[in-house]
Amino acid sequence: MQFQIIAKCPTTRARVSRMTLAHGTTMLPTFMPVATQAAIKGLTPQQMESLGVTLMLNNTYHLNLRPGLKVLNAAGGAHKFQGWKKNLLTDSGGFQLVSLSKFTTITEEGALFSSPFTGEPTMLTVMHISSPFAAQINDPFQPEESISIQHTIGADIIMQLDDVVSSLTTGPRVKEAMERSVRWLDRCIIEHENSGKKNEQNLFAIVQGGLDPALRDQCLDEMIARKDGVAGYAIGGLSGGEEKDVFWRVIKQCADRLPEERPRYSMGIGFAEDLLVCVALGVDMADCVFPTRTARFGVALTHDGPLNLKLSKHATELKPLDDSCPCPTCAGRTSRAMLHHIVTHETAAAHAITLHNIVFQARVMGEAREAIIGERFPDYLRNFFARYFRSSGYPEWCVNALRSVGVDITEDSDIPIIPGSGAKWEYAEK
(Lines of atoms letter the chains of each structure in order from A and count residues from 1; the text may use other names and numbers.)
(Lines give C-alpha, C1' and ligand atoms only; values in the text may rest on other atoms or scores of the structure.)
Protein backbone atom coordinates (compact mmCIF):
# COMPACT_ATOMS: atom_id res chain seq x y z
CA MET A 1 0.00 0.00 0.00
CA GLN A 2 1.07 3.53 -0.76
CA PHE A 3 -0.69 6.09 1.42
CA GLN A 4 -0.11 9.78 0.76
CA ILE A 5 -1.86 12.69 2.48
CA ILE A 6 -2.32 15.43 -0.11
CA ALA A 7 -4.44 18.02 1.74
CA LYS A 8 -5.63 18.83 5.25
CA CYS A 9 -8.48 21.03 6.40
CA PRO A 10 -6.96 23.88 8.46
CA THR A 11 -10.00 23.93 10.77
CA THR A 12 -11.19 20.35 11.25
CA ARG A 13 -9.27 17.08 11.22
CA ALA A 14 -10.51 16.21 7.72
CA ARG A 15 -7.94 15.27 5.12
CA VAL A 16 -7.63 14.05 1.54
CA SER A 17 -5.36 11.11 0.81
CA ARG A 18 -4.32 8.92 -2.08
CA MET A 19 -4.32 5.19 -1.28
CA THR A 20 -2.74 3.00 -3.95
CA LEU A 21 -3.38 -0.73 -3.77
CA ALA A 22 -2.75 -3.68 -6.07
CA HIS A 23 -5.90 -2.96 -8.11
CA GLY A 24 -5.54 0.78 -8.46
CA THR A 25 -5.82 4.07 -6.61
CA THR A 26 -8.64 5.09 -4.30
CA MET A 27 -8.99 8.68 -3.19
CA LEU A 28 -9.92 9.23 0.45
CA PRO A 29 -12.20 10.00 2.18
CA THR A 30 -14.44 7.48 0.48
CA PHE A 31 -17.55 5.42 1.04
CA MET A 32 -17.37 1.70 0.24
CA PRO A 33 -20.53 -0.01 -1.08
CA VAL A 34 -21.05 -3.47 0.41
CA ALA A 35 -21.14 -6.47 -1.95
CA THR A 36 -21.80 -9.07 0.75
CA GLN A 37 -22.06 -12.07 -1.56
CA ALA A 38 -19.53 -10.70 -4.10
CA ALA A 39 -22.25 -8.68 -5.82
CA ILE A 40 -24.07 -5.40 -5.32
CA LYS A 41 -27.68 -6.54 -5.46
CA GLY A 42 -29.10 -5.75 -8.89
CA LEU A 43 -25.96 -4.24 -10.42
CA THR A 44 -23.11 -5.65 -12.48
CA PRO A 45 -19.42 -5.00 -11.77
CA GLN A 46 -19.29 -3.03 -15.02
CA GLN A 47 -22.07 -0.75 -13.79
CA MET A 48 -20.28 -0.25 -10.49
CA GLU A 49 -17.06 0.67 -12.28
CA SER A 50 -18.93 3.07 -14.57
CA LEU A 51 -20.23 4.89 -11.49
CA GLY A 52 -16.64 5.61 -10.43
CA VAL A 53 -16.48 3.16 -7.53
CA THR A 54 -12.88 2.07 -6.87
CA LEU A 55 -13.23 0.18 -3.58
CA MET A 56 -15.99 -2.06 -2.30
CA LEU A 57 -16.44 -4.64 0.42
CA ASN A 58 -16.95 -8.42 0.34
CA ASN A 59 -17.96 -10.54 3.34
CA THR A 60 -15.46 -13.21 4.43
CA TYR A 61 -17.95 -15.29 6.41
CA HIS A 62 -20.44 -15.54 3.55
CA LEU A 63 -17.89 -16.16 0.78
CA ASN A 64 -16.25 -18.89 2.85
CA LEU A 65 -19.66 -20.47 3.31
CA ARG A 66 -20.72 -20.00 -0.32
CA PRO A 67 -19.23 -20.49 -2.88
CA GLY A 68 -16.38 -21.74 -0.67
CA LEU A 69 -12.63 -21.56 -1.02
CA LYS A 70 -12.35 -24.43 -3.49
CA VAL A 71 -14.38 -22.46 -6.04
CA LEU A 72 -12.61 -19.17 -5.26
CA ASN A 73 -9.23 -20.86 -5.63
CA ALA A 74 -10.22 -22.31 -8.98
CA ALA A 75 -11.47 -18.89 -10.14
CA GLY A 76 -8.22 -17.19 -9.12
CA GLY A 77 -9.70 -15.20 -6.24
CA ALA A 78 -12.73 -13.03 -5.62
CA HIS A 79 -11.76 -10.32 -8.11
CA LYS A 80 -11.89 -12.74 -11.03
CA PHE A 81 -14.82 -14.69 -9.60
CA GLN A 82 -17.04 -11.59 -9.57
CA GLY A 83 -15.44 -9.78 -12.50
CA TRP A 84 -14.32 -6.79 -10.41
CA LYS A 85 -11.14 -5.03 -11.57
CA LYS A 86 -10.84 -2.43 -8.81
CA ASN A 87 -9.99 -2.67 -5.12
CA LEU A 88 -11.65 -4.97 -2.59
CA LEU A 89 -11.79 -4.98 1.20
CA THR A 90 -12.91 -8.03 3.14
CA ASP A 91 -14.15 -7.99 6.70
CA SER A 92 -12.83 -10.77 8.90
CA GLY A 93 -16.06 -12.45 9.97
CA GLY A 94 -15.93 -10.67 13.32
CA PHE A 95 -19.20 -8.78 12.78
CA GLN A 96 -21.00 -12.10 12.41
CA LEU A 97 -20.17 -12.75 16.07
CA VAL A 98 -22.93 -10.20 16.73
CA SER A 99 -25.25 -10.56 13.76
CA LEU A 100 -25.25 -14.37 13.98
CA SER A 101 -24.69 -14.61 17.73
CA LYS A 102 -27.30 -17.33 18.18
CA PHE A 103 -25.18 -19.53 15.87
CA THR A 104 -21.83 -18.68 17.52
CA THR A 105 -19.66 -19.81 20.43
CA ILE A 106 -16.59 -17.70 21.33
CA THR A 107 -13.45 -19.15 22.88
CA GLU A 108 -9.85 -17.96 23.08
CA GLU A 109 -9.05 -20.22 20.13
CA GLY A 110 -11.60 -18.54 17.89
CA ALA A 111 -15.26 -18.50 16.90
CA LEU A 112 -17.25 -21.66 16.28
CA PHE A 113 -20.09 -20.86 13.88
CA SER A 114 -23.09 -23.04 13.20
CA SER A 115 -24.48 -22.95 9.69
CA PRO A 116 -27.66 -20.89 9.34
CA PHE A 117 -28.59 -23.44 6.66
CA THR A 118 -28.03 -26.74 8.48
CA GLY A 119 -27.45 -25.78 12.11
CA GLU A 120 -24.12 -27.64 12.12
CA PRO A 121 -20.61 -26.16 12.58
CA THR A 122 -19.40 -24.81 9.25
CA MET A 123 -16.27 -22.71 9.67
CA LEU A 124 -13.60 -25.31 9.05
CA THR A 125 -9.85 -25.19 8.66
CA VAL A 126 -8.95 -23.99 5.19
CA MET A 127 -7.67 -27.38 4.02
CA HIS A 128 -11.03 -28.98 4.84
CA ILE A 129 -13.48 -26.47 3.41
CA SER A 130 -15.44 -27.66 0.40
CA SER A 131 -19.15 -26.96 0.86
CA PRO A 132 -21.44 -25.84 3.66
CA PHE A 133 -23.36 -29.05 3.10
CA ALA A 134 -20.36 -31.37 3.24
CA ALA A 135 -19.21 -33.29 6.33
CA GLN A 136 -18.64 -30.91 9.20
CA ILE A 137 -15.80 -30.64 11.72
CA ASN A 138 -16.08 -28.93 15.11
CA ASP A 139 -13.03 -26.70 14.59
CA PRO A 140 -13.35 -23.04 15.65
CA PHE A 141 -12.94 -20.16 13.22
CA GLN A 142 -9.53 -18.96 14.39
CA PRO A 143 -7.75 -15.65 13.75
CA GLU A 144 -5.22 -17.48 11.58
CA GLU A 145 -8.09 -19.12 9.71
CA SER A 146 -9.76 -15.78 9.03
CA ILE A 147 -6.52 -14.36 7.58
CA SER A 148 -5.90 -17.49 5.50
CA ILE A 149 -9.42 -17.33 4.08
CA GLN A 150 -8.96 -13.66 3.22
CA HIS A 151 -5.68 -14.52 1.52
CA THR A 152 -7.56 -16.96 -0.70
CA ILE A 153 -10.29 -14.41 -1.40
CA GLY A 154 -7.50 -12.06 -2.46
CA ALA A 155 -8.82 -8.74 -1.17
CA ASP A 156 -6.51 -5.73 -1.30
CA ILE A 157 -7.36 -4.84 2.32
CA ILE A 158 -7.99 -7.57 4.87
CA MET A 159 -9.21 -7.18 8.44
CA GLN A 160 -8.03 -8.83 11.63
CA LEU A 161 -10.47 -11.19 13.33
CA ASP A 162 -11.81 -9.29 16.33
CA ASP A 163 -14.07 -10.30 19.19
CA VAL A 164 -17.12 -8.13 18.54
CA VAL A 165 -19.91 -7.46 21.03
CA SER A 166 -22.97 -5.28 20.59
CA SER A 167 -22.28 -1.62 21.26
CA LEU A 168 -25.02 -1.76 23.92
CA THR A 169 -23.20 -4.49 25.88
CA THR A 170 -21.87 -3.47 29.30
CA GLY A 171 -19.89 -5.19 32.03
CA PRO A 172 -16.85 -7.49 31.95
CA ARG A 173 -17.67 -8.97 28.52
CA VAL A 174 -16.65 -5.67 26.85
CA LYS A 175 -13.20 -5.73 28.47
CA GLU A 176 -12.81 -9.42 27.65
CA ALA A 177 -13.64 -8.80 23.99
CA MET A 178 -11.27 -5.84 23.75
CA GLU A 179 -8.35 -7.71 25.28
CA ARG A 180 -9.02 -10.77 23.15
CA SER A 181 -9.10 -8.59 20.02
CA VAL A 182 -5.58 -7.40 20.87
CA ARG A 183 -4.36 -10.98 21.35
CA TRP A 184 -6.04 -12.07 18.13
CA LEU A 185 -4.38 -9.16 16.30
CA ASP A 186 -0.99 -10.56 17.27
CA ARG A 187 -1.97 -13.93 15.81
CA CYS A 188 -3.29 -12.28 12.64
CA ILE A 189 -0.07 -10.30 12.19
CA ILE A 190 2.07 -13.43 12.49
CA GLU A 191 -0.12 -15.36 10.05
CA HIS A 192 -0.03 -12.49 7.56
CA GLU A 193 3.73 -11.98 7.83
CA ASN A 194 4.37 -15.68 7.31
CA SER A 195 2.12 -15.80 4.25
CA GLY A 196 4.36 -13.92 1.85
CA LYS A 197 1.38 -11.74 0.82
CA LYS A 198 2.22 -8.48 2.60
CA ASN A 199 3.12 -6.79 -0.67
CA GLU A 200 -0.27 -7.66 -2.22
CA GLN A 201 -2.68 -7.54 0.70
CA ASN A 202 -2.82 -5.07 3.56
CA LEU A 203 -3.86 -5.96 7.09
CA PHE A 204 -5.93 -3.51 9.16
CA ALA A 205 -6.36 -3.66 12.94
CA ILE A 206 -9.76 -3.00 14.56
CA VAL A 207 -10.02 -0.87 17.70
CA GLN A 208 -12.58 -2.21 20.18
CA GLY A 209 -13.58 -1.27 23.72
CA GLY A 210 -17.29 -0.57 23.45
CA LEU A 211 -18.51 2.79 24.71
CA ASP A 212 -16.01 2.88 27.59
CA PRO A 213 -13.37 5.60 27.00
CA ALA A 214 -10.87 3.87 29.30
CA LEU A 215 -11.15 0.57 27.43
CA ARG A 216 -10.89 2.37 24.09
CA ASP A 217 -7.70 4.08 25.27
CA GLN A 218 -6.28 0.79 26.47
CA CYS A 219 -7.01 -0.81 23.11
CA LEU A 220 -5.55 2.16 21.26
CA ASP A 221 -2.35 1.91 23.32
CA GLU A 222 -1.95 -1.76 22.44
CA MET A 223 -2.79 -1.45 18.77
CA ILE A 224 -0.72 1.64 18.12
CA ALA A 225 2.22 -0.26 19.66
CA ARG A 226 1.73 -2.81 16.86
CA LYS A 227 1.77 -0.14 14.12
CA ASP A 228 4.61 -1.78 12.20
CA GLY A 229 2.50 -4.90 11.72
CA VAL A 230 -0.54 -3.23 10.17
CA ALA A 231 -1.24 -1.01 7.16
CA GLY A 232 -4.26 0.77 8.65
CA TYR A 233 -6.78 0.94 11.46
CA ALA A 234 -10.52 0.53 11.77
CA ILE A 235 -12.83 1.77 14.51
CA GLY A 236 -15.16 -1.12 15.29
CA GLY A 237 -17.96 -1.97 17.67
CA LEU A 238 -20.23 0.99 16.87
CA SER A 239 -23.45 1.58 14.87
CA GLY A 240 -25.29 -0.89 17.05
CA GLY A 241 -27.96 1.38 18.49
CA GLU A 242 -25.85 3.51 20.81
CA GLU A 243 -26.71 7.18 21.43
CA LYS A 244 -25.36 9.35 18.63
CA ASP A 245 -23.83 11.76 21.12
CA VAL A 246 -21.79 8.84 22.45
CA PHE A 247 -21.01 7.51 18.96
CA TRP A 248 -19.25 10.64 17.76
CA ARG A 249 -17.21 10.96 20.95
CA VAL A 250 -15.83 7.43 20.50
CA ILE A 251 -15.00 8.18 16.86
CA LYS A 252 -13.19 11.38 17.87
CA GLN A 253 -11.29 9.67 20.68
CA CYS A 254 -10.00 7.02 18.31
CA ALA A 255 -9.33 9.26 15.30
CA ASP A 256 -7.44 11.76 17.46
CA ARG A 257 -4.98 9.09 18.57
CA LEU A 258 -4.57 6.81 15.56
CA PRO A 259 -1.32 7.29 13.59
CA GLU A 260 -1.53 10.04 11.01
CA GLU A 261 0.38 7.99 8.44
CA ARG A 262 -2.22 5.19 8.39
CA PRO A 263 -5.73 5.18 6.88
CA ARG A 264 -8.60 5.31 9.39
CA TYR A 265 -11.75 3.32 8.70
CA SER A 266 -15.04 3.68 10.58
CA MET A 267 -16.98 0.45 10.16
CA GLY A 268 -20.72 0.33 9.45
CA ILE A 269 -21.30 4.06 8.80
CA GLY A 270 -23.70 5.04 6.00
CA PHE A 271 -26.01 7.99 6.77
CA ALA A 272 -24.84 11.17 5.04
CA GLU A 273 -24.66 13.15 8.29
CA ASP A 274 -22.65 10.36 9.94
CA LEU A 275 -20.22 10.25 7.04
CA LEU A 276 -19.53 13.99 7.09
CA VAL A 277 -19.16 14.14 10.86
CA CYS A 278 -16.70 11.23 10.71
CA VAL A 279 -14.73 12.91 7.91
CA ALA A 280 -14.53 16.11 9.96
CA LEU A 281 -13.25 14.07 12.91
CA GLY A 282 -10.47 12.55 10.79
CA VAL A 283 -11.93 9.34 9.33
CA ASP A 284 -10.90 8.32 5.80
CA MET A 285 -13.11 5.31 4.96
CA ALA A 286 -16.58 4.01 5.77
CA ASP A 287 -18.90 1.24 4.63
CA CYS A 288 -22.53 0.26 5.13
CA VAL A 289 -25.33 -1.69 3.45
CA PHE A 290 -27.62 1.30 4.08
CA PRO A 291 -27.68 3.03 0.65
CA THR A 292 -28.27 -0.17 -1.32
CA ARG A 293 -30.63 -1.80 1.18
CA THR A 294 -32.74 1.33 1.56
CA ALA A 295 -32.98 1.56 -2.23
CA ARG A 296 -34.72 -1.80 -2.31
CA PHE A 297 -37.32 -0.38 0.09
CA GLY A 298 -37.99 2.51 -2.26
CA VAL A 299 -35.99 5.26 -0.52
CA ALA A 300 -33.79 7.55 -2.60
CA LEU A 301 -31.07 9.64 -0.99
CA THR A 302 -30.82 13.31 -2.00
CA HIS A 303 -29.19 16.51 -0.80
CA ASP A 304 -32.64 17.56 0.46
CA GLY A 305 -32.98 14.40 2.54
CA PRO A 306 -34.27 10.89 1.80
CA LEU A 307 -37.33 10.46 -0.44
CA ASN A 308 -39.76 7.65 0.32
CA LEU A 309 -41.00 6.96 -3.19
CA LYS A 310 -43.78 4.70 -1.93
CA LEU A 311 -45.67 7.77 -0.72
CA SER A 312 -48.53 8.94 -2.94
CA LYS A 313 -47.29 12.54 -2.97
CA HIS A 314 -44.67 11.42 -5.51
CA ALA A 315 -47.26 9.90 -7.89
CA THR A 316 -47.54 13.03 -10.05
CA GLU A 317 -43.97 14.37 -9.77
CA LEU A 318 -42.48 14.23 -13.23
CA LYS A 319 -39.06 15.55 -12.24
CA PRO A 320 -36.09 13.23 -11.57
CA LEU A 321 -34.78 12.46 -8.11
CA ASP A 322 -32.17 15.20 -8.42
CA ASP A 323 -31.73 17.49 -11.44
CA SER A 324 -28.01 17.87 -10.74
CA CYS A 325 -27.24 14.17 -10.20
CA PRO A 326 -25.11 12.49 -12.91
CA CYS A 327 -26.32 8.95 -12.14
CA PRO A 328 -27.97 7.02 -15.02
CA THR A 329 -31.38 7.25 -13.34
CA CYS A 330 -31.34 11.04 -13.07
CA ALA A 331 -29.39 11.68 -16.27
CA GLY A 332 -31.99 9.60 -18.13
CA ARG A 333 -34.76 11.75 -16.57
CA THR A 334 -36.54 8.83 -14.93
CA SER A 335 -39.29 10.60 -13.00
CA ARG A 336 -40.26 10.26 -9.37
CA ALA A 337 -43.75 9.38 -10.61
CA MET A 338 -42.39 6.47 -12.65
CA LEU A 339 -40.38 5.18 -9.73
CA HIS A 340 -43.41 5.52 -7.44
CA HIS A 341 -45.42 3.53 -9.99
CA ILE A 342 -43.05 0.55 -9.98
CA VAL A 343 -41.30 0.77 -6.62
CA THR A 344 -41.36 -2.50 -4.63
CA HIS A 345 -43.25 -4.09 -7.56
CA GLU A 346 -40.62 -4.20 -10.32
CA THR A 347 -36.94 -4.95 -9.86
CA ALA A 348 -36.16 -2.11 -12.28
CA ALA A 349 -37.09 0.36 -9.54
CA ALA A 350 -34.64 -1.18 -7.08
CA HIS A 351 -31.92 -1.09 -9.72
CA ALA A 352 -32.63 2.55 -10.63
CA ILE A 353 -32.64 3.75 -7.02
CA THR A 354 -29.55 1.69 -6.15
CA LEU A 355 -27.64 3.35 -8.98
CA HIS A 356 -28.72 6.74 -7.69
CA ASN A 357 -27.94 6.05 -4.02
CA ILE A 358 -24.45 4.77 -4.76
CA VAL A 359 -23.73 7.91 -6.77
CA PHE A 360 -25.21 10.08 -4.00
CA GLN A 361 -22.80 8.60 -1.45
CA ALA A 362 -19.91 9.10 -3.87
CA ARG A 363 -20.94 12.72 -4.48
CA VAL A 364 -21.11 13.49 -0.75
CA MET A 365 -17.58 12.20 -0.27
CA GLY A 366 -16.26 13.59 -3.55
CA GLU A 367 -17.61 17.05 -2.75
CA ALA A 368 -16.00 16.76 0.69
CA ARG A 369 -12.63 15.96 -0.92
CA GLU A 370 -12.92 18.95 -3.26
CA ALA A 371 -13.86 21.23 -0.36
CA ILE A 372 -10.93 20.06 1.77
CA ILE A 373 -8.49 20.62 -1.08
CA GLY A 374 -10.03 24.04 -1.72
CA GLU A 375 -9.82 24.95 2.02
CA ARG A 376 -13.61 25.50 2.19
CA PHE A 377 -14.66 22.35 4.04
CA PRO A 378 -16.35 24.23 6.96
CA ASP A 379 -18.52 26.09 4.42
CA TYR A 380 -19.33 22.82 2.69
CA LEU A 381 -20.49 21.37 6.00
CA ARG A 382 -22.66 24.41 6.76
CA ASN A 383 -24.25 24.37 3.32
CA PHE A 384 -24.82 20.61 3.28
CA PHE A 385 -26.42 20.43 6.72
CA ALA A 386 -28.53 23.56 6.12
CA ARG A 387 -30.03 22.04 2.97
CA TYR A 388 -30.33 18.47 4.24
CA PHE A 389 -32.00 19.38 7.55
CA ARG A 390 -33.76 22.66 6.72
CA SER A 391 -37.24 21.17 7.14
CA SER A 392 -36.52 19.09 10.25
CA GLY A 393 -33.83 20.87 12.27
CA TYR A 394 -30.16 20.22 12.96
CA PRO A 395 -29.50 17.06 15.00
CA GLU A 396 -27.99 18.22 18.27
CA TRP A 397 -25.31 15.54 18.18
CA CYS A 398 -24.08 16.76 14.77
CA VAL A 399 -23.88 20.32 16.09
CA ASN A 400 -21.89 19.15 19.13
CA ALA A 401 -19.56 16.94 17.08
CA LEU A 402 -18.72 19.61 14.51
CA ARG A 403 -18.26 22.28 17.16
CA SER A 404 -15.63 20.01 18.72
CA VAL A 405 -13.49 20.54 15.60
CA GLY A 406 -14.17 24.24 15.17
CA VAL A 407 -17.24 24.33 12.91
CA ASP A 408 -20.57 25.81 14.02
CA ILE A 409 -23.17 24.78 11.42
CA THR A 410 -25.80 26.91 13.20
CA GLU A 411 -23.89 30.11 12.46
CA ASP A 412 -26.11 32.62 10.61
CA SER A 413 -28.90 30.03 10.44
CA ASP A 414 -32.43 30.07 11.85
CA ILE A 415 -32.80 26.29 11.56
CA PRO A 416 -33.63 24.88 15.02
CA ILE A 417 -31.49 22.33 16.88
CA ILE A 418 -33.36 19.14 17.76
CA PRO A 419 -32.40 16.43 20.28
CA GLY A 420 -31.95 12.78 19.42
CA SER A 421 -30.44 11.07 16.38
CA GLY A 422 -32.01 13.50 13.92
CA ALA A 423 -32.51 10.78 11.32
CA LYS A 424 -34.73 12.27 8.63
CA TRP A 425 -37.29 9.89 7.16
CA GLU A 426 -40.67 10.07 5.44
CA TYR A 427 -42.43 7.28 7.28
CA ALA A 428 -46.07 7.83 6.39
CA GLU A 429 -48.40 9.57 3.97
CA LYS A 430 -48.50 13.32 4.35
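Cβ from N, Cα, C; glycine included.
Database features (TrEMBL):
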ACT_SITE  Asp91  active site, proton acceptor
ACT_SITE  Asp287  active site, nucleophile
BINDING   Asp91, Ser92, Gly93, Gly94, Phe95, Asp162, Gln208, Gly237  substrate binding site
BINDING   Cys325, Cys327, Cys330, His356  Zn(2+) binding site
DOMAIN    12-389  domain 'tRNA-guanine(15) transglycosylase-like'
REGION    268-274  region 'RNA binding'
REGION    292-296  region 'RNA binding'
>> Take the mean position of the Cβ atoms of Cys325, Cys327, Cys330, His356, the recorded Zn(2+) site. Which other residues of that chain put their Cβ within 8 Å of it?
In response: Pro320, Leu321, Asp322, Pro326, Pro328, Thr329, Ala331, Leu355, Val359, Phe360
>> Using the alpha carbons only, what distance in Å do you get between Asp162 (substrate binding site) and Cys327 (Zn(2+) binding site) once rounded?
In response: 37
>> Spatially, which candidate from the recorded positions Gly93, Gln208, Asp287 is nearest to Cys327 (Zn(2+) binding site), comparing Cα atoms?
In response: Asp287
>> Please identify, among the recorded positions Asp91, Gly93, Asp287, the one with the smallest Cα-Cα distance to Cys325 (Zn(2+) binding site).
In response: Asp287
> If you draw a 10 Å sphere on the Cβ of Gly237 (substrate binding site), how many other Cβ atoms land inside?
Replying inline: 33
> For the region 'RNA binding' (292-296), what is the mean per-residue pLDDT, to the nearest integer?
Replying inline: 96
> Across all chains shown, how many C-beta atoms besides its own are within 10 angstroms of the C-beta of Gly93 (substrate binding site)?
Replying inline: 30
> When you measure from the Cβ of Cys325 (Zn(2+) binding site), how many other Cβ atoms are you left with inside 10 Å?
Replying inline: 20
> Name the residues of the same chain, 6+ apart in sequence, whose Cβ is under 8 Å from the Cβ of the residue listed as 'active site, proton acceptor'?
Replying inline: Leu57, Asn59, Thr60, Tyr61, Met159, Met267
> Residues with Cβ closer than 8 Å to the Cβ of Ser92 (substrate binding site), same chain and 6+ apart in sequence?
Replying inline: Thr60, Ser146, Ile147, Gln150, Ile158, Met159, Gln160, Leu161, Asp162, Cys188, Ile206
